[in-house]
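What follows is one structure encoded as structure tokens, with my remarks underneath.
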Amino acid sequence: VVDPVSQSASNKDAVDPENDFQREMSFYRQAQAAVLEALPRLRKLQVPTRRPDDYFAEMAKSDQQMQKIRQKLKSKQEAMERSEKAKQLRAMRKYGKKVQTEILQRRQKEKKNMLNAVKKYQKGLSDKLDFLDEEQASSQGNKKGNASQRIKKGPNAKRRYKNQKFGFGGKKKGSKWNTKESFNDVSSFRSKVAHNKGPGKAGKGGKKALNKRPGKRARQKMKSRAR
């Protein structure tokens, strides 16, 4: 590096003070030349100019302040991520609305063309019925598409797991209806149970005998005794 001091002594008008770039460049070269001149002198005097590898210096800022800075940076990053997600959602909504409007416009256009064709046919300006064939083909295509989607879809994973665990269940409606065989089968019929003649149902030791209401004459006798 050329010494800027000697260069400035020889060419005083080489650096224009009004030119920012030349002025800053002259400062940079002057500092560089001073370092190149000072380093050999410091080494000659055995003055260390490099930091040792095991050098430890205390931080100028405390751990609490660094923790606050870290939290602030983290909050900024999270805010940027949230804003980015919001932008993506807005873009997706705009795209969905655009597709929806395009579909509505296409349907309106098809409807308008069909109405015009119907009017022309009614007025006798045209004898073509192509619009009916197109409408039937489109409706059949939609039905086929929906049927294929229903066939391919099937039950979801949750439904399949429950069917595997608990079984399909089978028919529920009309499962308790009688048939000819069940109507003729009377092997499980118990007359005592059907007519309340089983043990504990009637008799002196039964519950009904304890809760039985006294007759009319007995009630009259009880009233006369109370008088």
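Positions of Cβ are set from backbone N, Cα and C atoms, glycine also.
Curation does not apply to TrEMBL; its annotations are automatic.
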TrEMBL annotation of region 'Disordered' - which of the ranges 1-21, 106-126 it falls on: 1-21
From the DSSP assignment alone, can you count helix, strand and coil residues within the compositional bias 'Basic and acidic residues' (75-87)? 13 helix, 0 strand, 0 coil
